[in-house]
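All remarks here apply to the structure that follows.
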Amino acid sequence: MQDLKAFYTGMPKTELHMHIEGSLEPELMFELAARNNIKLPFATVEDVRKAYDFSNLQDFLDIYYQGMGVLITEQDFYDLTWAYLTKIHGQNVVHTEIFFDPQGHTDRGVSFETVITGISRALEEGLETYGISSRLIMCFLRHLSEDAAFATLEQALSHKDKITGVGLDSSEQGHPPSKFERVFAAAKEAGFLAVAHAGEEGPPDYVYEALDLLKIDRLDHGNRALEDDALVQRLITENMALTVCPLSNYHLAGVSDMRQHPLRKMLDLGLKATLNSDDPAYFGGYMNENFEAVVEPLGMTREHILALARNGIDASFTSVVQKQELQDQLSAYVADYDAA
Ligand code: ADE
Ligand code: ZN
């Protein structure tokens, strides 16, 4: 098992499902609160961590939206993104596709420009300094209205050079993908790729809607698709990638014991599953901690680990040429590892 840990720790990795606001560590939260004269309802970093005890998605989201309230200036968004990049550089992540939630900020009076400029500046530096390539995916908050999503899409149009795709996140139950069919059609028309959280808490029907109505290019979570054999077959046939987030599933009570996590089953069925951290500051870890959470409990082999890494590259939104480079880098890692 120690061998496998060394293997996935050193392995060059791709991350495809990570909310940048979910990478806000309590230490930085306090620093930004002090800088912006914001009073937090917590006295210490330990108190914050103690509050991270969620029984479902909404429990988490309430605290997540509260936490992001310390992000005010462009520098704050830069610092947040830079901290994430520094962390994942230490974990050998070489490519990352980051979600951001503009409505979580514009609704508090922080401009879309402030948010995207700060994040993008850090991502550019991440490429220069760490060699980490990246893509940005703008999520619509599904508990808000279709009109609000359209207004957000409108703001994104003047930053199309910085945004690769649109996504759908926040409270899933009661907010089916169908609510955003027209917004996603407009986003696709404008040239954005599309992803959506579906089947995290919501039923298999929401996954069908994400496929049929939103025309997604990648499925975020998708765990509950396993309840429907025909849907599983369809995901396999369509080569639809799933961005699976083990520690998130554990902390949001979708999975009470890691030995019951569906990740290995997904791979064994032939689904194109990938491994991701979702909200690493809230769920106890980044990429390597997510590997650690599943490898031993699920009895995963080196082949499973490599399948996750290769699927992550294949399912990314980068160019065909870069995907080949990343696959070659991974092959070289395996060869070096075995030679050592
Ligand atoms: N926003 C941030 N993390 C999320 C998650 N796991 N599900 C839905 N919305 C989110
Ligand atoms: Zn997510």
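A Cβ is built for glycine as well, from the same backbone N, Cα and C atoms used for every other residue.
Unlike curated records, TrEMBL annotations are generated automatically.
The annotation in TrEMBL ties His17, His19, Asp278 to Zn(2+), and of the candidates under consideration, His105, His159, His175, His197, the one tied to the same site is His197. Asp278 are the recorded positions among Glu200, Asp278, Asp279 whose C-beta comes within less than 6 Å of an atom of ligand 2, given in sequence order. DSSP assigns Glu200 (active site, proton donor) to coil in the three-state reduction, placing it in neither a helix nor a strand. Between the candidate recorded positions, Glu200, Asp278, Asp279, the densest Cβ environment within 10 Å is the one around Asp278. The two recorded residues, Glu200 (active site, proton donor) and Asp278 (Zn(2+) binding site), show a Cα separation of 12 Å.
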